[in-house]
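Straight from Swiss-Prot, the features:
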| type | residues | note |
| --- | --- | --- |
| SIGNAL | 1-28 | signal peptide |
| DOMAIN | 29-132 | domain 'Ig-like V-type' |
| TOPO_DOM | 29-200 | topological domain 'Extracellular' |
| CARBOHYD | N100 | N-linked glycosylation site |
| REGION | 168-191 | region 'Disordered' |
| TRANSMEM | 201-221 | transmembrane segment |
| TOPO_DOM | 222-263 | topological domain 'Cytoplasmic' |
Amino acid sequence: MAWRYSQLLLVPVQLVFLASVCCPGVWGSTVSEELHRMVGQSLSVQCQYKPKEESYVLKTWCRQTAPSKCTRVVTTSEPRKAARELQHTIWDDPEAGFFNITMTQLTEDDSAFYWCGPYYPSLREVTVLRNISLVVSPAPSTLPSQTIAPLPESTATIFMPFPVLTTSPEETTDSSINGTGHRNQSSSSPGWTSPGLLVSVQYGLLLLKALMLSVFCVLLCWRSGQGREYMAETMELSKLPHISKSLDTVSHISGYEKKANWY
């Protein structure tokens, strides 16, 4: 019986594992890749996607300005042609299935969350492929900027794409996010929430539900076992009157035999 209960306890744990494996978009899309640079350095990012033999889809580099929207920094106009906006450059190769973004002469004001992905002008929507957290630190005052050793790139991770609404630098209309929200490190919005905290809360709630389900299953099986034991005891007790009647009959016959022997 104990082994049976332990097997039931494993069911919610297996469900949690399957949810994390089968639905990476739910858990993984809120995780950001943190990249560190110093003032004056450059940043290069590559975003990969599945090549498609359809009409060309624009690609963009988008900076988060609030938990519910982002502003496009630089956007492609056609394949295999570099597009430049200030210190930002983007270049796309649809046949290879990737596009590169370069940011030069970084300043501390460039510290923010950035998204890269396909851009759909009619919907004003970006399908986010990567979520980059850029942290630009001041250069050491004792060393010239050209002697600063470049910091290593973060390991590239492909996330489950999810769409968000966006605005261009000229547009000021507020747009709501259509997917999972992300915070902007440089944003002063009081409603901002850490993605890591949101993930922890989601995991905690899911594990709490799994634990409650486990307790319910154990109690249900325990009550069922108690019911079966009660029925078995009732059946055994119901047989006792027949046994007592049999004993009375045997006792009665023995009495007659004793009287016969006496006569």
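Every residue, even glycine, has its Cβ placed from backbone N, Cα and C.
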- Task: Give the residue counts of the domain 'Ig-like V-type' (29-132) per reduced DSSP state, in the order helix, strand, coil.
- Result: 3 helix, 59 strand, 42 coil
- Local confidence of the prediction over the topological domain 'Extracellular' (29-200), expressed as mean pLDDT: 76
